[in-house]
There are 2 protein chains.
Amino acid sequence: MDTIQSDNYPIYFDNSIDELVNFVNKGGYSRFFILTDENTGIHCLPLLKSKIGSEEGYDLIEITAGEESKDIDFCIGVWKMLIDFGADRKSLLINLGGGVISDLGGFAASTFKRGIDFVHVPTTLLSQVDASVGGKTGIDIDSIKNIIGTFTQPKAVFIHYDFLKTLPARQILSGLAEMLKHGLIQDAAYWAELKTSDLKNPSAELVHRSVQIKNKITIEDPHEKGIRKALNFGHTIGHAVETNSLINDADPLSHGEAIAIGMICESYLAHKKTGLSLDELNEIVKVLSDLYPRYTIQESSFDTLLAHMLKDKKNQGGKINCTLLTHIGQCNIDNICTEAELCESLLYYINL
Amino acid sequence: MDTIQSDNYPIYFDNSIDELVNFVNKGGYSRFFILTDENTGIHCLPLLKSKIGSEEGYDLIEITAGEESKDIDFCIGVWKMLIDFGADRKSLLINLGGGVISDLGGFAASTFKRGIDFVHVPTTLLSQVDASVGGKTGIDIDSIKNIIGTFTQPKAVFIHYDFLKTLPARQILSGLAEMLKHGLIQDAAYWAELKTSDLKNPSAELVHRSVQIKNKITIEDPHEKGIRKALNFGHTIGHAVETNSLINDADPLSHGEAIAIGMICESYLAHKKTGLSLDELNEIVKVLSDLYPRYTIQESSFDTLLAHMLKDKKNQGGKINCTLLTHIGQCNIDNICTEAELCESLLYYINL
């Protein structure tokens with residue numbers, strides 16, 4: 001499949017791990033570091049190591065898998081390991097893992113000694129179609145997602161489709177929510193194709209198509225002043241539900257599971273406010289409800305959810321801001337929603 | 001005095017506080033925040049408050065004065081206060097203080113919600129002629145200075161010369177070291193003028209001239225790939241001495257006191273390695289020794305000092321890198337110095 005050209009960096013799809021080795025060898029780096037977690041350490045790192053050959057010239061930094069590792073404390077841990085390993089400004093950080101690894105590793109690298117080079121090797125569907133593309137880095141503080149971060153582009157992204165074969169079904173579903181979002185906000189034909197595909201195992205071609213859509217939007221508006229906000233569809237409510245679940249649930253929602261709930265609620269708001277037809281709303285709800293398990297939201301949690309929404313980065317002047325669909329494949333950004341409207345949309349989900 | 005134009009932002013010298021109020025009023029910000037410490041809170045904040053008038057529309061964030069406050073823990077404190085105060089992406093951070101405030105505040109702002117606007121109101125001589133210009137932000141980890149940071153330009157700098165009148169003599173001397181450095185690396189005529197000036201009270205014109213020199217260099221090379229390294233003259237050894245003093249001394253060296261030591265040692269190395277004449281070396285040593293108190297460096301601390309130098313950001317591949325003078329007013333960057341040479345230069349200082 002074609003290499004996609006992003007904002008001064010390539011996104012490789014074919015022979016990606018060979019391309020990575022090639023990139024490292026030609027890059028003139030003093031040394032390199034591989035940031036990984038215990039999952040990718042088992043399932044993905046061996047392939048990298050076998051291609052790299054020599055064990056000299058690099059060090060491993062392994063963190064605990066899971067969203068909790070995106071906290072500033074883990075970031076400080078990564079910085080200290082880079083210091084201890086003697087990383088200099090000509091060092092390279094390879095982020096091998098899911099969105100936590102690419103967001104955290106990107107932030108750590110973009111601020112270490114005022115910025116060293118980094119590349120992403122995304123190993124989950126979610127990070128292949130979303131986190132690894134577009135130059136956002138981020139960490140959490142007090143469970144507020146991505147509250148601290150930078151806009152810094154990686155030097156390259158290496159997408160190795162076969163890594164997806166090591167993933168549990170729930171992780172595939174998590175990434176799938178972002179793919180469905182890409183169709184809903186930008187490309188009705190892609191949405192139609194997704195609907196009729198085997199979504200338990202999205203093909204390499206579908207992954208490539210999602211990256212194309214995300215890349216096109218982020219190139220147009222790298223700093224999220226306008227059209228990039230389209231990518232926030234489902235995320236105003238979805239992020240709040242996700243944060244709340246992360247704090248309270250023994251087995252928290254995945255990102256995609258939460259965004260699927262957010263997309264249902266925000267599609268309901270779109271039907272009320274921006275002209276999404278009832279048929280379209282019902283179609284979206286059906287596709288998402290068939291794929292994602294029901295999740296119980298208590299009415300007593302609405303205040304907490306609204307408080308989380310109020311902390312969303314897209315807000316201005318204390319108003320909650322949503323991206324809403326006008327049709328399947330089209331959207332409007334910057335729709336202020338009242339607390340009453342947001343609660344109504346949560347009730348809509350509860351009563352489905 | 002003329003406003004100096006930097007990399008897309010102005011540096012004001014005349015009526016600076018009025019210009020600041022004007023900037024805030026016209027900027028379209030949702031709110032603003034003033035980062036200050038207990039010293040500037042007493043000596044400088046009242047003027048700002050009186051010019052701003054209304055106490056609505058902004059919040060104060062006060063930190064403890066001193067280099068210890070540049071630690072990541074204080075940065076997390078600033079981020080959390082911005083969160084608690086409801087700062088959004090259209091907020092402005094005003095850094096009112098010395099280099100600690102501008103470095104820390106600049107870093108906190110450049111990473112909060114992936115970057116909000118900030119301006120500097122430098123209140124010390126050191127921050128007026130050095131830290132506030134050039135777009136470096138930074139914080140310390142484990143006393144390693146500026147190990148984490150970004151290159152992010154402020155939206156404006158407001159230099160109010162009269163703030164210097166509130167400073168103790170030792171703080172004036174701290175900033176003066178950077179002014180002397182500007183002459184030594186770039187402008188022999190400026191050095192000659194400084195030598196014959198009242199250096200206990202540098203004039204506004206001399207401050208303006210130093211800012212011009214620093215600004216010219218940083219515009220040419222914002223990301224320190226080449227000529228900007230000239231500004232590191234005195235800092236390879238000086239930073240190590242400063243860090244060591246900060247860790248061990250009850251009354252640690254100021255930045256300028258440490259850099260003055262570093263400039264003496266590195267001028268000695270320049271005489272040995274890059275052609276600085278003995279007369280020039282003696283002249284530099286005389287000027288600096290007349291201004292700055294003697295400091296006792298133990299030979300037993302050399303290993304520790306070398307270890308600090310090895311952590312310097314400018315190094316590559318584990319070699320220690322110095323900027324050295326060729327003449328007064330001219331320098332060469334990227335001179336690798338051996339541990340033996342560095343120790344010899346420290347002995348030279350000890351035996352003066």
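Cβ coordinates are placed from backbone N, Cα and C, and glycine is handled just like the others.
For reference, TrEMBL has these:
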DOMAIN    A:61-172  domain '3-dehydroquinate synthase N-terminal'
DOMAIN    A:175-315  domain '3-dehydroquinate synthase C-terminal'
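If you average pLDDT over the domain '3-dehydroquinate synthase C-terminal' (A:175-315) in this model, you get 95.
Across the domain '3-dehydroquinate synthase N-terminal' (A:61-172), the DSSP tally of helix, strand and coil residues reads 47 helix, 29 strand, 36 coil. Across the domain '3-dehydroquinate synthase C-terminal' (A:175-315), DSSP assigns 102 helix, 0 strand, 39 coil.
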